[in-house]
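A quick write-up on the structure given underneath.
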Amino acid sequence: MGCFFSRRRKPAQGGQLPLQQQAGAGQDVATGEQKAPQYSWDLRAKIDPKDYTFSGLKNETVGRLPGKVAGQQFVIQDCENCQIYIFDHSATITIDDCVNCQIFLGPIKGSVFFRDCKDCKCVVACQQFRTRDCRKLEVFLCCATQPIIESSTGMKFGCFQYYYPELALQFKDAGLSIFNNTWSNIHDFTPVSGENNWGLLPEAAAVQDYVPLPSSEELKAVRVSTDATKSIIPITRGLRQKNSDESCLAVFFAGDYTTANARKLIDEMTSKGFQLVQTKEVLMKAEDAHRVFQQSALEFIPLLEKGPVVALEFNGDGAVEQCRSTVNEIFSGTKVFVSESKASASQDVDNFYNFADMQMGM
């Protein structure tokens, strides 16, 4: 094997290295003394774990404002009778040994893990949700993957509903889609025969009755709304029983206004009494299009290269007719897949969500 030798540069006249090289060589310009080389990681701000921890608190209201966590991991432990608000995105969050706390957690890029907690009420958005050895947690949840409970009892779940101006960008920074929310599809890792360790919160449950708006002056500066109609996350029925045997699938393709268009259709349909059952944002390939869109596939395949699709399932008598009418009226210049008939719609829904669940490893 040959060896590689770097050629050393000759000093400039007078024996001095060029000025711009003195710093690079680790030499103090003023004194001529050698100094330790600086690396990029030396220049980063030092992280103090205490800034990302709430520990041993009782009867307090505490939180972090938007921009104050900025993707770091956070720890909450040994807190009792506290109101805790993380109004920012984070990497991961662990909550250990907390009792009778009310907790809001902004978008979490990775996992949130509750351990040995009891009688807590929470609003949580995350990639992965897990509990172990918990009792009586009531959670308004947005979770991109299947939530898992283990050795936990008395768990109740509802759909995440929350708004403040910075929240949409925080979802983006955390890599979470507002349309990927499997809040009701709970997997119980340790089921007990004849018992049910989890259930759903009442359909009319209001977030502010569980996790009230913050009372401290500092946290009041965050302009929070728990009005369901303003929620960043579309509110879905999830696994609640459907009111009708008629559903309709609508699929928007990637473009500048995909999210806005999907939200507009949701608003139009729900204002007419139809229910949003589930949503999904996922990448599709040509073979997936043939499976899902059947005879219409060739029309939509060229659109798949632009990015992920957003799919919506609406439920209610007359959902197909109303959805087609609304799309023709409002989105006439946009290509949207909508089920053609009540007869084909249920198969459309099954085809799409079976494909999407496989893609996302559900």
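Note that Cβ sites are derived from N, Cα and C of the backbone, with glycine treated the same way.
TrEMBL does not curate its annotations; it predicts them automatically.
Range with TrEMBL annotation region 'Disordered', chosen from 1-34, 35-68, is 1-34. Largest CA to CA distance in the GTP binding set (GLY110, SER111, GLN127, GLN128, PHE129, ARG130): 11 Å, whole number.
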